[in-house]
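Heads up, the thing below is written out as structure tokens.
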Amino acid sequence: MLAEADGTAPHGSDGSMRTSNINSNINPDSSILISKMEDVVIPFSSEVPCDNNGQRMWWAFLASSMVTFFGGLFIILIWRTLKYLWTVCCHCNIKSKEAQKVSNPANNQAADKGPKGPDEKEEAPASEVGWMTSVKDWAGVMISAQTLTGRVLVVLVFALSIGALGIYFIDSSDPIESCQNFYKDFTLQIDMAFNVFFLLYFGLRFIAANDKLWFWLEVNSVVDFFTVPPVFVSVYLNRSWLGLRFLRALRLIQFSEILQFLNILKTSNSIKLVNLCSIFISTWLTAAGFIHLVENSGDPWENFENSQSLSYWECVYLLMVTMSTVGYGDVYAKTTLGRLFMVFFILGGLAMFASYVPEIIELIGNRKKYGGSYSAVNGRKHIVVCGHITLESVSNFLKDFLHKDRDDVNVEIVFLHNISPNLELEALFKRHFTQVEFYQGSVLNPHDLARVKIESADACLILANKYCADPDAEDASNIMRVISIKNYHPKIRIITQMLQYHNKAHLLNIPSWNWKEGDDAICLAELKAGFIAQSCLAQGLSTMLANLFSMRSFIEIEEDTWQKYYLEGVANEMYTEYLSSAFVGLSFPTVCELCYVKLKLLLIAIEYKSEQRESRSRKRILINPGNHVKMQEGTLGFFIASDAKEVKRAFFYCKACHDDISDPKRIKKCGCKRPKYKYNGYVRSPADGATTPGNSGSQKETGVRFKADCNLVEDEHPSTLSPKKKQRNGGMRNSPNCSPKMMSRHDPLLIPGNEQIENMDMNVKRYDSTGMFHWCPSKEIEKVILTRSEASMTVLSGHVVVCIFGDGTSALVGLRNLVMPLRASNFHYHELKPIVFVGSLDYLRREWETLHNFPKVSILPGTPLSRADLRAVNINLCDMCVILSANQNNIEDASLQDKECILASLNIKSMQFDDSIGVLQANSQGFTPPGMDRSSPDSSPVHSFVRQASVTTGSNIPIITELAKPGKLLPLVSLSQEKKSGTNIQMITELVNDSNVQFLDQDDDDDPDTELYLTQPFACGTAFAVSVLDSLMSATYFNDNILTLIRTLVTGGATPELEALLAEENALRGGYSTPQTLANRDRCRVAQLALYDGPFADLGDGGCYGDLFCKALKTYNMLCFGIYRLRDAHLSAPSQCTKRYVITNPPYEFELVPTDLIFCLMQFDHNAGQSRTSLSHSSHSSHSSSKKSSSVHSIPPTSRQNRSSKTREARDKQKKEMVYR
């Protein structure tokens, strides 16, 4: 029956029958033998030619591997031995020949000439490359990962090895050894194909190996020895043995190399992590395979009777619980081989588990949590924010950027920083997870820029560290960030914060930096100094502007306190919106009045477009222009309103539909046909290249006359510019095609007695080359230094005292930015307030290089903490005292950063002054010390330091002033109150830490945790912190004209031309007066209008603010936009408190009181300086004559006959009006 089963069985049936099927074909006499061999026989099929005895032939598979391994090893060793012997023998022969040559040189010469032996013939071509070397080099290139072919081959071998391991996992569910038909077993065929490829690759590796012995002993070679030969034996014997095929799992060790070849792994941590994981997993799977083999086979010396049936995955489980020392005992090894292996595996596996697993967990834990990539959302913009990313900077930015008053902000914010956020910052990101994402990386790394999709970002915002110890280093870091971003994507729009003004010049060196494309640099030092300088001209303006450009929520207070009116104004912000076609053809004052009265909107400026003959589009921002400016289609307006929805009324307004509507909330979009152009209440302007239709006649009439308009800001660019090209950077450019007559609505050459006639002297330089600032030849610092005695004997009144803390090592604060707005050319020379710096001379010497071209500037070396120095400069008679510090960032404790400024402020407030001395000084001619000639304002350190009537009061507006009625007294505040106490001195203190504002006023009840804008010192305009400028980042992004507008308002007229000039020379350059430069003086300025006297006195006593607004706008082209009111004005009883607070954009029906000061945009008056021309630029040493001329220009023509009868009391009243400002 065995013969029959062996030779006549048909083919085609299943080849994996159970042992019971085999027993049915065996003689019953052999039942005892079969019972003993029950665990030895293999599954047998009559259709598969196999061993008729059913015996295992595992030894044949194992022998093939062992013979291959040891046979090859033996051959290599024999070859090395023979080669060594041959080399030794040849070496001996060479030495003997050299000895013979030395002993018999004559024979050697003859031998050299004779024929050469065969050995010598082989030396000739030794330098040539043999075919074996060429084959070796070719094989090395084929398996090298440095070439594309090599990388493909290496990756393919690894993939096939994993495939062979997968086949092993599939076959592991079958018996260890079974009869298989190669032609019908699909997995065996695939495994055969894989191993043929492995054999070829083994041959290439063998040829390319330099050391064949070490190659033979490599792990990959051992894997091939025990996996490739058994496959060929399987085909020959028609049987399969699972055997050592599990060794293919050792190929996983090369997984990190494969990933490096594919450029997937780049960092050392990722490479190390993959290495540890691959070694751990490959060892684990290989050991499980060995246990699976021996446990399912049994011990050979036990005749394989002690085997147990375990699946491969049960063995994997067994090895894991063994390595982890848990050992549940549910699965364990029964065979001796298995237990012996487990003994040694525990030693190595436990050590590997104890070392590898913690390191793997540590590497995974140290992986960047925020190391992914940003996925852009269709239809949604995103911006990238980088730089100084902290909890404070991010919270301030998000609070303003995502404010509810901006309506629906469909912009996603992506933060990029190289340091992972702390828990507080992470919680902040989670609260805004729908609109905020954070990624860890650096903008200096192009890979990280690609991760945040910088090329598709709408803009990139760079935040600066305002509190750093080295501002120049911080600016340098941000400039490098700009360079990196622009190098990666030149077209990206960048808005960056800069700390120092002089560092802005470095941005101009970046080729792709273009402010016309939307790039902006927000210089904090420039704007901070500009805000403070404007407060010197109109106290409280810094607070009002800071609130306008910040997003604040409305806080309702029912009690009738000053906070109620202040917070109502705080809720107003600056927005832009296109004007309706119903306004086309109307003048600006008419539209402004209509918007305020009917729409409850305050229009302060427009963006005007006109087409020039050169086919170049001119786009200007006109702030409070005159009656001659007519509205065009698509005119963009700048509004002050409480939210973006209100501003849309200006776009929806239709005269036909809304003319009779009294409730502005009912003004909605109507069905009337309107021009199609984009509108947005808070986002950036529309495409600059779009031409504006209609009103060509108006363009022709006024298009070239805006150079004389107030606060004109313009840019020239082709009309076909891309939509991203926006108006940037305030300033005015002179048009070479504009004739002098067309440059001003008040032609300077046609006005009799105008001071500009004398200014036309081509031999005198009185203004800088742009015509925007007063200028004088540079002076040595020694000529402007005052000693304490000289300052005490000098009549100082109506001046600005700047107390500066700093030394020779302090960072420069940029005092030029503070002086420039006070020396703007839209002031007449006699209206310039003298400036006295009190501080360290070493520090002021470093700043003097930027100040030596400004007139009326003096220095008193000393300290602001010295009362003697303060009394010497008559601080009680100054118009404003500014306290600055350059040492604020050198202290680690934030609460101590402002200690010097706070001490100086409290020191001044605690001072007491003798009123009689101040009055005598103000009325006397003063004593001129030797060597100090007041007749020469350019050579004397004291430039006409006489008390001038303040230009910011209503009594000093030249075209509308009236004499105060004799005997008229102001309510609530007595006229006898002079600055006897330092608390009445107008003062503004710069702070670094917002929380320190609580120390400035001892009579307020502000909580230490109160936000800065809610505190009394900030509301009164006596404190300013640079943190309020953080909101300009988001404001500039949403409206790129906002920064231009605010810089024009606070810097006095800084232009791109001026910035380029300062970048070249770092100093103002004087220029001769020309019609073009003199026309630049014709721009409005911010002033404060007093109501206790003048043409508006009737409205000051219980009148409506709306009536005042309309009267000032119609009659004098003055645009009112706020009130500076006494803090206790709402009280019925008189109060001694002189503190005032700011009310922004009051409603129409708001009731006025006589002590109110009105913020307004005042037009430049050419005639105001004609009586001062001889004084301001000629020799006048008599102060009494200067006072007379001051009175002349202030009296209207109808009242000049009363000049001689003006009483001493009225003159004293005019001198004391500064108390009420």
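Placement of Cβ uses the backbone N, Cα and C atoms for every residue, glycine included.
What TrEMBL records for 1174-1194 is compositional bias 'Low complexity'.
Positions annotated as compositional bias 'Basic and acidic residues' by TrEMBL: 1206-1221.
In this model, the domain 'RCK N-terminal' (380-522) carries an average pLDDT of 91. Annotation source TrEMBL lists domain 'RCK N-terminal' at 380-522 (among others).
Residues or ranges marked as domain 'RCK N-terminal' in TrEMBL: 797-941 (among others).
Taken from TrEMBL, the feature region 'Disordered' applies to 1-24 (among others).
The region 'Disordered' annotation in TrEMBL covers 103-127 (among others).
According to TrEMBL, the region 'Disordered' annotation covers 715-743 (among others).
Marked as region 'Disordered' by TrEMBL: 1171-1221 (among others).
What TrEMBL lists as transmembrane segment is 57-79 (among others).
The transmembrane segment annotation in TrEMBL covers 152-170 (among others).
Here TrEMBL flags 190-208 (among others) as transmembrane segment. Cβ atoms under 8 Å from those of the transmembrane segment (190-208) belong to residues 135-136, 139-140, 142-143, 153, 157, 160-161, 163-164, 167, 182, 215, 220-221, 224, 227-228, 231-232, 235 of the same chain, restricted to positions at least 6 beyond its ends.
Taken from TrEMBL, the feature transmembrane segment covers 273-294 (among others). Residues 165, 168, 172, 176, 242-247, 249-256, 259, 265, 310-312, 315-316, 318-320, 323, 333, 335, 337-338, 341-342, 345, 349, 352-353, 356-357, 359-360, 363-364, 367 of the same chain lie 6+ residues outside the transmembrane segment (273-294) yet bring a C-beta within less than 8 angstroms of a C-beta in it.
The transmembrane segment feature in TrEMBL is assigned to 310-328 (among others). Same-chain residues lying 6+ beyond the ends of the transmembrane segment (310-328) with a Cβ under 8 Å from its Cβ atoms: 169, 172-173, 284-285, 287-289, 291-292, 295-296, 342, 345-346, 349-350, 352-353.
Annotated transmembrane segment per TrEMBL: 340-358 (among others), in sequence order.
Same-chain residues lying 6+ beyond the ends of the transmembrane segment (57-79) with a Cβ under 8 Å from its Cβ atoms: 51, 176-177, 212-213, 216-217, 222, 225-226, 229-230, 232-234, 237, 239, 241, 243-244, 297.
The helix, strand and coil residue counts that DSSP assigns across the domain 'RCK N-terminal' (380-522) are 60 helix, 32 strand, 51 coil.
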